[in-house]
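The block underneath contains the structure these notes are about, expressed in structure tokens.
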Ligand SMILES: [Zn+2]
């Protein structure tokens with residue numbers, strides 16, 4: 001399950017930020033996942049609970065926003081959306097610039113800091 005190795009990197013980011021902002025408790029972790037990133041959201045959630053166990057993030061709410069696929073035709077600039085619609089009407093060969101759909105990043109980490117009441121990073 002490659003979500004485990006992906007989550008390992010995500011979790012490192014969460015822990016780095018928790019340490020940097022001296023979070024005694026991570027409350028929310030929000031991740032953005034593109035439709036073409038090859039990540040299964042349910043598997044990612046499972047991987048999060050696996051890594052979060054016995055850490056400051058063990059009670060954190062883990063949420064995912066899935067971003068659909070979109071692109072732009074390099075020939076005419078037409079906007080294209082959806083995995084199966086990336087071939088523009090004007091061209092025989094698909095030639096497009098990918099705009100969204102491959103993202104995979106930690107959007108926000110929210111927690112309770114030793115320094116302040118609430119900290120968003
Ligand atoms: Zn076109």
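The backbone N, Cα and C atoms fix where each Cβ goes, and this holds for glycine too.
Annotation source TrEMBL lists Ni(2+) binding site at 2. Sequence annotations record features per position, and here TrEMBL assigns Zn(2+) binding site to 73, 76, 88, 90.
Using the Cβ center of 73, 76, 88, 90 for Zn(2+), the list of other same-chain residues with Cβ within 8 Å runs, in sequence order, 74, 75, 77, 78, 89, 91. Over all protein chains present, the Cβ of residue 90 (Zn(2+) binding site) has 11 other Cβ atoms lying within 10 Å.
Around the Cβ of residue 76 (Zn(2+) binding site), the same chain contributes 88, 90, 91, each under 8 angstroms and 6 or more positions distant in sequence. Among the binding-site residues 2, 73, 88, residues whose Cβ is positioned under 6 Å from ligand 1 are identified as 73, 88. Long-range Cβ proximity for residue 2 (Ni(2+) binding site), meaning a same-chain Cβ under 8 A and a gap of 6 or more residues, is found for 38. DSSP gives residue 2 (Ni(2+) binding site) a helix state. For residue 73 (Zn(2+) binding site), the same-chain residues lying six or more positions away in sequence with a CB closer than 8 A to its CB are 79, 80, 88, 90, 91, 95, 96.
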